[in-house]
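J.: This is the structure I have questions about; it appears just below.
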Amino acid sequence: MGRRSSASSAEPLLPAALKGGGGGGRAMLQRCVSRADDELQWFRSCLRWVCMDHSGPWGAALSWLLFLLLAVAVPAAAHFMLVFRASRMPFSAVVQVSLSAASAAGFLCLSSCFRRIGLRRLLYLDKLRDKSDRVRLNYTARLSFSFRLLASLVAPCFAAEAAYKVWWYATSGDRVPFFGNDVLSNVLACSIEMASWMYRSAIYLLTCVLFRLICHLQGLRLEDFAGTLLVEVEEGRAGVERVLREHLDIRKQLKVISHRFRKFIVASLLIGTASQFASVLVTTRHDSVDDFLNTSELALCSIVLMSGLIIILSSAAKITHQAQALTGQTTKWHACCTIEPVPEDEAEPGSNQNSMLEVEPVSDSDCESSEETGDEDLLENTKIMLPQAHVISFQKRQALVTYLENNRAGITVFGFTLDRSYLHTIFMLEWTLFLWLLGKTIGFS
């Protein structure tokens, strides 16, 4: 990627100096010719397949037309024209409304972002030019992994839905009154329904995976912030003002991410909650026919919605936890610099001036704890850092710690921080409502 293509083409994610290593999984992300779509080729292809390319007016018009057809018209026709059994009507209504609402939330969020800023700026690839090599390399790996994650979520659900639809049309006594030939009518109706299911689930899960990828980029920046920037400050290669600017930039980007996805997060939470409660209502009615024919599609719909919701909430909570753990990391750095041993000529006779910072031998428990530590705990290591130079005054370090303590970063939704305690609150509210609903339907208490 040595040469530039044109003024309109964005700079590639990886510079030429980083092209030495890498496996086959990164081949498409590291081509020799500089093109704007090198790193995003898989995502752009995926967007074209689901007609989410809003780069031009014709693409946007086609995208809206396909959305209205597969997310609105086909589900409505499938519910009112293809469901002949009265016992199956409530289950079909929950499935069609839930999937259409979830895909609408994802479609509106993505179309708004693509129309205003585009895919490259949405993924913050334009902000990676001045970042470290570690951040850029890891983010490239995250790009390719996100596409595999999306495929691993959509493909099994679509395969299960296709098997269910084929079995239903093959064994059900109901017939589609479109053509005189029953086989042709069933094949046509089954194909249209599977296309609608694939489109709606892919749009919703694509939005969730993109949100997860954006959060991971900020997590990489936070890890780089704690791992290298503080060391550079302590060694005198950078000043406190650089740390402050970097944290302000991360905090600003997290606010922008929260603003772009807050409506989608709230909509996903409400749609998922309403869908699960509606599922409980239709399956616990006294006249409900809970057989494999009626409940299979409802279970697949719940899997899709809950998978996306878990991705959203876990990604938001993880990046918020990392941002808050940065305060503890900086406080530890400040403490280690403060208790640095005094020079030999100022030490008292017979005293061990290095006793407070003496590095302890690594024990087996330390090795086990380091192996069990995940990516989310990289900012919470317990190793004592040994300062090498008195380059930052105590007042500057204390001011930096005070600033971080009073300016916590993270993903927020209308002022509420999505951290782990907030997830616990959501879980308890959901569990309470679930038990109350069971008490109203089957008398559970």
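Sequential numbering from 1, following the chain as shown.
Placed from the backbone N, Cα and C atoms, the Cβ positions cover glycine too.
For 1-18, the entry in TrEMBL reads compositional bias 'Low complexity'. TrEMBL lists 361-374 with the feature compositional bias 'Acidic residues'. If you look up TrEMBL, you'll see 1-24, 343-374 marked as region 'Disordered'. The transmembrane segment annotation in TrEMBL covers 58-81, 93-114, 264-284, 296-317.
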J.: Are there residues at least six beyond either end of the transmembrane segment (93-114) with Cβ under 8 Å to its Cβ atoms? List them, or say none.
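T.: Answer is 52-55, 60, 63-64, 67, 71-72, 75-76, 78-79, 122, 197, 199-201, 203-204, 206-208, 210, 260-261, 263-264, 267-268, 271-272, 274-275, 278-279, 282, 297-298, 301, 304-305, 308.
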J.: What else in the chain is close to the transmembrane segment (264-284), if you only count residues 6 or more beyond its ends and a Cβ gap under 8 Å?
T.: 90-91, 94, 98, 101-102, 105-106, 108-109, 204, 207-208, 211, 290, 295, 298, 301-302, 305-306, 308-309, 312-313, 316, 413-414, 418, 426, 430, 433-434, 437-438, 441-442
J.: In the same chain, which residue numbers or ranges, 6 or more beyond the ends of the transmembrane segment (296-317), come under 8 angstroms Cβ to Cβ?
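T.: Distal contacts: 91-92, 94-95, 98-99, 102, 153, 157, 160-161, 164, 201, 204-205, 207-209, 211-212, 215-216, 264-265, 268-269, 271-272, 275-276, 279, 282-283, 410-411, 418-420, 422-423, 426.
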